[in-house]
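Record features (Swiss-Prot):
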type	residues	note
REGION	1-78	region 'Disordered'
MOD_RES	Ser16	phosphoserine
COMPBIAS	23-45	compositional bias 'Basic and acidic residues'
MOD_RES	Ser56	phosphoserine
MOD_RES	Ser63	phosphoserine
BINDING	Gly105, Gly106, Ser107, Ala108, Ser109, Gly110, Lys111, Thr112	ATP binding site
MOD_RES	Ser539	phosphoserine
Amino acid sequence: MAAPPARADADPSPTSPPTARDTPGRQAEKSETACEDRSNAESLDRLLPPVGTGRSPRKRTTSQCKSEPPLLRTSKRTIYTAGRPPWYNEHGTQSKEAFAIGLGGGSASGKTTVARMIIEALDVPWVVLLSMDSFYKVLTEQQQEQAAHNNFNFDHPDAFDFDLIISTLKKLKQGKSVKVPIYDFTTHSRKKDWKTLYGANVIIFEGIMAFADKTLLELLDMKIFVDTDSDIRLVRRLRRDISERGRDIEGVIKQYNKFVKPSFDQYIQPTMRLADIVVPRGSGNTVAIDLIVQHVHSQLEERELSVRAALASAHQCHPLPRTLSVLKSTPQVRGMHTIIRDKETSRDEFIFYSKRLMRLLIEHALSFLPFQDCVVQTPQGQDYAGKCYAGKQITGVSILRAGETMEPALRAVCKDVRIGTILIQTNQLTGEPELHYLRLPKDISDDHVILMDCTVSTGAAAMMAVRVLLDHDVPEDKIFLLSLLMAEMGVHSVAYAFPRVRIITTAVDKRVNDLFRIIPGIGNFGDRYFGTDAVPDGSDEEEVAYTG
């Protein structure tokens with residue numbers, strides 16, 4: 001017989017010990033309402049909208065906000081979902097999956113509140129909160145009619161699209177991006193636009209049926225059941241559905257008595273035995289939150305990776321890969337390299353000759369795109385057998401900051417090219433690259449992608465950028481990595497991890513020093529191009545040190 005789940009309780013109060021069955025639930029409710037109203041009054045009527053004032057203004061009627069920013073604002077601080085450290089090893093593969101936490105419990109038990117408290121206490125920047133509310137099935141016309149009259153059971157396992165939930169969670173655990181539907185509770189349908197979620201170190205999945213599917217259970221590394229008194233859950237549901245989802249009191253109570261309460265007793269309450277931790281009183285139980293956070297921290301420590309150090313010691317004494325193409329070193333190209341490498345070169349000259357090299361590099365890279373035979377007619381009415389681009393579209397993605405300087409050269413030779421950006425910076429404390437921001441065009445998976453960065457030393461930032469593209473389902477053989485200058489170490493690292501990525505540059509230098517600078521190198525390209533002060537101990541490919 002399986003051991004019963006652990007119950008994490010709050011510190012008992014010496015002055016007011018719990019004496020009644022519903023005391024813990026009331027204590028949690030007091031804690032929650034005190035945060036909202038700064039009042040100790042405990043009245044169910046106070047939590048409901050005034051009867052005579054009509055329906056409350058609708059605040060949010062969908063499962064999630066489409067314009068939700070990539071951050072979590074709390075009473076203490078703002079936690080940005082940025083600065084993600086490497087989620088792969090030196091081979092370019094994910095060595096360990098993300099840590100997935102499942103939060104189950106009855107409707108309005110405080111699962112989302114507990115999830116946000118865990119996120120705040122974790123203080124880990126890359127966390128994804130995935131709500132089961134987004135995965136309600138698309139209703140038929142008959143079911144739509146039933147839902148409009150509060151006669152459809154949304155608290156039954158059949159109401160959820162478990163196939164989509166499982167596939168979404170699997171991709172997130174693999175570090176890939178996913179599309180999540182946005183469910184409209186007023187029309188009981190999915191919105192046309194879906195929200196994009198990106199892979200993270202920690203995934204928190206919450207929902208009333210979080211433990212109702214065996215396959216789903218196997219994906220969860222930690223299972224938490226939020227146990228809240230039924231009266232409190234009813235009050236919270238009334239307040240939420242009336243003020244946020246545009247429902248009326250009679251309809252909410254009818255649905256609760258007919259579907260919600262019976263479904264809780266039949267499907268949700270029995271899953272408590274499957275939980276690793278049971279959290280009584282929900283958000284009021286700080287001891288439980290601390291226990292959960294400590295365990296997650298220990299799991300994350302086991303998943304820490306040091307990619308840059310591994311890259312520096314790997315792939316030594318190997319011949320340059322066949323996927324590398326170096327622009328022919330003509331006297332003109334070598335002359336421009338002489339100018340931009342010279343520390344005495346003025347900023348104006350540095351920019352001018354860098355742009356010339358970029359244009360040549362882009363033109364050279366385009367020759368590796370797929371072309372097919374085509375025939376056109378000349379103005380003289382004669383046929384000409386030529387070539388035309390055989391792909392769907394070309395997209396340029398620049399690794400900020402220095403990679404942005406290559407965008408004008410790409411636009412000059414590729415008409416109507418789409419541009420995306422990725423911000424990767426070095427954490428000055430760990431020396432590891434961190435992903436801070438990305439903006440990619442839609443449907444990028446079918447495009448040939450030109451990834452641009454002006455210098456590549458160890459290849460750590462370039463590998464992270466390639467991983468981002470792969471997580472967006474861009475085929476590896478459709479990615480072209482372009483750089484004005486590379487070190488042999490960076491070339492080997494990228495080619496070994498991603499053997500089908502085409503690497504194109506104007507020159508390859510032999511070595512990298514202890515500060516991960518290319519030798520003889522070009523200096524810090526971003527600082528020389530933009531005229532900013534150099535960052536001590538920074539690398540060529542990471543121009544701005546992380547200060548968070």
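From the backbone N, Cα and C atoms, a Cβ is placed for every residue, glycine too.
A map of Swiss-Prot features onto the structure.
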residue	record	contacts (Cβ under 8 Å, 6+ apart)
Gly105	ATP binding site	Lys111, Ile208, Phe225, Val226, Asp227, Thr228, Ile268, Gly282
Gly106	ATP binding site	Ile208, Thr228, Ser230, Arg233, Phe264, Ile268, Gln269
Ser107	ATP binding site	Asp155, Ile208, Arg233, Arg237, Val260, Phe264
Ala108	ATP binding site	Thr228, Arg233, Leu234, Arg236, Arg237, Arg240
Ser109	ATP binding site	Val226, Asp227, Thr228, Arg233, Arg236, Gly282
Thr112	ATP binding site	Leu129, Ser131, Glu206
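Taking the binding-site residues Gly110, Lys111 in turn, the residue surrounded by the fewest other Cβ atoms inside 10 Å of its Cβ turns out to be Gly110. Listed in chain order, the residues near the ATP site other than Gly105, Gly106, Ser107, Ala108, Ser109, Gly110, Lys111, Thr112 are Ile208, Val226, Thr228, Arg233, Arg236, Gly282, each with its Cβ within 8 Å of the site Cβ centroid. DSSP gives Ser109 (ATP binding site) a coil state; it is part of no helix or strand.
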